[in-house]
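What TrEMBL annotates here:
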DOMAIN    A:458-568  domain 'TMC'
REGION    A:1-69  region 'Disordered'
TRANSMEM  A:144-166  transmembrane segment
TRANSMEM  A:198-220  transmembrane segment
TRANSMEM  A:240-259  transmembrane segment
TRANSMEM  A:330-357  transmembrane segment
TRANSMEM  A:377-400  transmembrane segment
TRANSMEM  A:412-432  transmembrane segment
TRANSMEM  A:470-488  transmembrane segment
TRANSMEM  A:509-538  transmembrane segment
TRANSMEM  A:572-593  transmembrane segment
TRANSMEM  A:642-661  transmembrane segment
Amino acid sequence: MASEPQSPGLREVYDYTEGNGYPGDQQSLRLRRVSSRVSNQNHPQFDCSSTSTPEEEDEEGDSGPPRDIRATALPMAVKRAVRQVQQMQVPVVSRRESWKRKNTKTLRKLKESGRGVLSFFSLWSKTLQKIGGNFGGGVQSFFLFLRFLVVLNFVSFLLIAGFVLIPSIVFRSVEASVVNSTGPEECMDYEPNPQGLVLFYNYFLDLLSGTGFMEYSYLFYGYYNNTMVEDSKFSYNIPLAYLFTAVFYFIFCLICIIARMGTAARVVVATGGSTVGEYSMIVFTSWDYGCLGDGATKLKQKNIHYRLQVDLEEESIKKRAAALSMAQKVVLYFLRVFMCLVSFGLIIAAFYGIFAATEFSQLKSEQKGILGLFFEYLPSIAITAGNFVVPLLCDQIALVERYAPSTTVIVALLRSVFLRLVSLGVLLFTLWRQITCDGATNSEECKLCQYNHKVYPCWETRVGQEMYKLTLFDLLINIAVLVLVEFPRRMVVDNWSNKLAQWVGRQEFVVAANVLALVYGQTVVWTGALFCPLLPLINTIKFILLFYFKKITLFYNCRPALKTFRSSTSTFFFLVVLLFGWGLATVVMIYSLAQIRPSMGCGPFRFFSSMWSIVPMSFYNLSHTTQEFLFFIGSQSFSIPLFALSCVVMCYFIALASVYGKSVALLRRQLKLEGRDKQFLVKQIESLSQRHQILRHTAGAHN
Amino acid sequence: MGTTASQLGKDMLSEYQELTFLTKQEILLAHKRFTELLTKDEKDLPNTRVSEERILTLPELKSNPFRKRICHVFSTSEYKDGSLTFEDFLDLLSAFSDSATLEIKSHYAFRIFDFDDDGTLDCGDLEKLVNCLTGETDDTRLTTEEMRQLISNILEESDIDKDGTVNLSEFQHVISRSPDFVSSFKIVL
């Protein structure tokens, strides 16, 4: 590093990327040798940008000049001169060194061109930039989340298509089945194709509810056969593929979500988790230099103003709350507990409403025509109504509770999440009760086939149909709200200058509610994917349509929200909520795989006692060595050391994280001490110079 | 050495690629946009210096509240008038580009916020900064009481050596905690 010239202004710069470490060569006057040594060893790397340069740490001395030159804050002409000096100074390098350097250079160029190609493929990036500039980071994070879900669903569809759909289509004609056993005749009675003449409008009804011509198709579980193709060089077991694809789909989604959460969480861990404080962060980092246009700039300024005001107000509220008298505190807490109970009561009432609606719908499942369609969609209608009404009421409750504004938002969101996901759970629970006769498989209807074969000859298809209906209904409701509520509202507000119209005002794009809608939709898809393999594809199309509809409504109908989410923490929070949904869907999947008997009249698992039982059966068809190997992996002699090793690795990472946090605290203390050293020195200089002047005066006086 | 006319030589292009964080396409686009600002006779001269008013007609800078400070910081003119040559313009875009490092962005952000150019952010700088952020009109400014409280909060949080100002290291310490800074300190043509 000695050969690199440094301009005087740079001396105070903390050069994190050059790995210099804290200037430990400058000893403090108070002889803090120990602490400076420690800080040299534990030098943290604050790599917040994605273009962090780990390769710089490998290059020592003056190798890799382009990257170093670019990272110096000098004007172009000076940089050019510095580079020329460096090039003249290049010492004789070994052939290996120059080869290594050329390699890193070509690798870097390749990476940059690769990144250029990838950005070409990145979906909707210009639109997202426009949205971010005009409406802020919070709204943009919603659209980023939507884009992530579109890609996730599309890739899952490709997975399912490749392993289940295409082999099913190809081997459709093959009649070889895995297990040839018979069961009671009544259980195998399944007639999905409608008999006789079908009225025209029934096709439309069937499209909406997944019955009729849509029921016996690749859309639903019931159409897949339990074929196993056995060739001399190729064998394909469709039921096994179906099962493994479903399980792998869930694991794949989990990995994607966690990977995406990782980037946000990494920053928190590396900086030791402590918060510097919001005010400096807002003032120094909140301006978005990508804002285009006067309107967007004014909007951003208003946002920042609002944020600062809200934070200052929250601080004064906290001070006031701390100064409350005992009696006032008691009253406030009592009020809060009461309101909590009220909100729980509301949620439970909503559940009961959904439960009753589902029961009623099952009761009236024989109705035909439009009324029949209405009864079929009754659970979805009840769920949507609940999801509209209860959050509104919860918002009013939150006003009474008088939490700090940020706490209010989080509490309201959690309540809505709870409501949404468990309302779906209630629907599933009701279905389960009907299918398995309340879990009592010895009761009248379920004794024969272990499930209610009269009402549900093919229960998996039925569950798939419910999920299909939920997805479709969600999309239709969104379109209907857009056309019937948002556009007219905007037209009324713009053209009718009435006091009432102005008070209602233009629509605000509420990010939290929209995100919850996405999470709900995705949870429905996950729950239904086992029974309706094409559901990810339908969901991809639905989310793409939703992206465009939401974009249209955002630009034409909405005024920007004044209260914004911070984009990085909000992305993390959306993914956490998505994980809740994933958890619910996983529970459903595991239960269906392990506990409920598959239908005997349809599907690839028709002659198995449970869906999972095909795995042990196929296991014994494997070669002997593979069986031994798999037994060994599952045995204790392998899993216990593996578990111990992963514990050690996790402890290492936790220790690393805490060390980083400690070194941050240490460096802050050093900074403080340096400041005091500076003041001490200045005082010393002053006193010395004063003494010197006095001496001179007295010497002069003598003379 | 400089750029002439509307041609950007291949060797100049590769040199700029090495000295800045910009890709080839970005440099060419910057060159195109810069030459659009020049008048006909200026196009033939090498190393033309474009005045601040013309630079500020670019839509990316036009409504930015820090536009004058940005031009001032990146300008290499002796008269400190905020005029930029093409190379200054490239320096600007490089610091604001996608691939610039956190250190260089925070360094330039500090210089942009340092309104009196004395190397530290004192109360006057912070006040001007907050006014830029919230808007200069009377109804968008914070009240004096709020401003006082805000500035004292900021100094309490970020002034570690308690000298009443925020220096570069303290500034970078705050910045390093913000995951949004790198993505928001971006100007893309």
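Including glycine, each Cβ sits where the backbone N, Cα and C put it.
Keep in mind that this is a model prediction, so the values were computed, not measured.
Most Cβ pairs under 8 Å with the transmembrane segment (A:412-432) belong to A:377-400, among the candidate stretches A:198-220, A:240-259, A:330-357, A:377-400.
Distant neighbours of the transmembrane segment (A:330-357): 324, 378-379, 381-383, 385-386, 389-390, 393-394, 397, 400-403, 415, 418-419, 422-423, 426-427, 430; these residues of the same chain sit at least 6 beyond its ends, with a Cβ under 8 Å from one of its Cβ atoms. It is A:572-593 that, among the stretches A:144-166, A:240-259, A:572-593, A:642-661, forms the most Cβ pairs under 8 Å with the transmembrane segment (A:509-538). Below 8 A, the CB atoms of the transmembrane segment (A:572-593) and the transmembrane segment (A:198-220) form no more than two pairs separated by six or more positions in the chain, fewer than 3 in all.
The average pLDDT computed over the domain 'TMC' (A:458-568) stands at 83.
Long-range Cβ contacts of the transmembrane segment (A:144-166) within its own chain (Cβ-Cβ under 8 Å, at least 6 residues beyond either end) map to 123-124, 128, 218, 224, 238, 241-242, 244-245, 248-249, 252-253, 256, 260, 515, 518, 522, 525, 529, 533-534, 536-537, 539-540, 543-544, 546-547, 550, 571, 574-575. Remote same-chain partners of the transmembrane segment (A:377-400), defined as residues 6 or more beyond its termini with a Cβ less than 8 Å from a stretch Cβ, comprise 209, 335, 339, 342-343, 346-347, 350, 353-354, 357-358, 360-361, 408, 411-412, 415-416, 419-420, 423-424, 427, 430, 466, 469-470, 473-474, 477, 513, 520.
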